[in-house]
Amino acid sequence: AGCVCRVELSVSCRNLLDRDLGSRSDPLCVLLQDLGGRWAELDRTERIKNCQDPEFCKKLVLDYYFEKVQKLKFGMYDIDNKSFDLNDDDYLGGIECTLGQVVSSSVFTRPLELKQGKPAGKGTITISAEEIKDTRVVYLEIEAQNLDKKDFLGKSDPFLEFYRQSDAGTWQLVYRSEVIKNNLNPCWRKFSVPLQTFCGGDFNKPIKVQCADHDSDGSHDLIGTFETSLAQLQGAGSTSPVEFECIHPEKKQKKKSYKNSGIIRIKSCKIETEYSFLDYVMGGCQINFTVGVDFTGSNGDPRSPDSLHYISPDGVNEYLVAIWSVGSVVQDYDTDKLFPAFGFGAQVPPNWQVSHEFALNFNPSNPYCQGIQGIVDAYRQTLPQIRLYGPTNFSPIINHVARFAAHAAQQGTASQYFILLIITDGEITDLDQTRQAIVNASKLPMSIIIVGVGEADFKAMEFLDGDNGVLKALTGEPAARDIVQFVPFRQFKNAPREALAQMVLAEVPKQLVSYYKWQGWPPVKPP
């Protein structure tokens, strides 16, 4: 899965029930996760004696995945014995929620319940999340002077390697530069390494730098080496670079007059913070979810059981499953839970004009549906009232969402990101306009997910996905970043419902971060 990171949750409660005679409760909080229909304990806090308003010191730690709905249960218990088992302890109330709800609200407070609908007195629980990570990155610019000539016919082809010392004392490679051909005074391009990788976050950890002459047969010749630490490298500023003598140990032993094999100069060493997906979400970024549904004639008559829009007796079809599975994940990241939903490619009452972006609820000035259930209801009500037609044009609905994304981008803050889910049978008429629309949208805070239903050949959709190379507009202009994820529904026919969402949403965290990084925008409220 794409965005695996560890999250720690801090828990506190107010006004817990009193279960002890003569003294206050001794609370502990246990965290359970729904793993395929059964609750499994993930972690628990310490017990605090005689306290109705506990603030627990021990953090609850778990893995976070954007593309999954992670159902959690927090249970408060009054512990009066030494046994680990909680069945013999008094239950003080609990809550059920998703991890998405917790990370998308800066402070998550809920009333405790003894069971569904039965409050545990005035008790409340407050949970806040923090990502466990070191997001700092080391940026280095390095050049060298007067390196030894190693090649018989030309000068050397130097490259650099950085090693960090492990706790066991061995050297681990953390970075290898590009090779600069035929140059004894090379200037390598600026590079970055995560601080955690570079030195485990320890500024005094020994770092060994080797400079070698590249040979195409792999028998690279050592030019020289030196040892340093990040603390030393940090002395490099624009006016005063830090210089190291590059020493070849054998030459130094053999020759009394040996000075060095060149000078390595650190032109700059900066440490910057790289923000993660969770930094943006926890920092107040709203994810806006829009759905576009393909109502073109190639889907087949909705009244006929072989149509892709036919709703089976148990009330589902592939369009509905796709809306549910993707929507159920994304809805936790949108506070107002109002989702615009559109159809395209149908003749719409009252005058039966073909429309390529009509509101599913037939209210163009307010196309918002209340929650994912609202989209599903609007879809079911619309279906009998329209005539499936054509052509299949994607660009109007992409441009529609892009207008909102462009408006949000003008604010210059990482406050709104847009996800457009298009569900289609894959026949597309306006491929060239759609290519241009996607290239334009790639410069905006948005991602496009295309789910292909039915058995069609999805070559055009795969082309738009751009995984086989950068998508270009007809003019030759390339997309600024990859924003389209295409998935054929048939691959998930017999898989659990969650699998589809996991596949299509796994890329979104990377896409969101890549956009804000490209703009240079930090989270609205940085960690």
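Note: Cβ is positioned from N, Cα and C throughout, glycine not excepted.
As given in TrEMBL:
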| type | residues | note |
| --- | --- | --- |
| DOMAIN | 1-112 | domain 'C2' |
| DOMAIN | 121-244 | domain 'C2' |
| DOMAIN | 288-508 | domain 'VWFA' |
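Per-class residue totals from DSSP over the domain 'C2' (121-244), listed helix then strand then coil: 9 helix, 59 strand, 56 coil. Helix, strand and coil counts under DSSP for the domain 'C2' (1-112) come to 6 helix, 54 strand, 52 coil.
The average per-residue pLDDT of the prediction over the domain 'VWFA' (288-508) is 94, rounded to a whole number.
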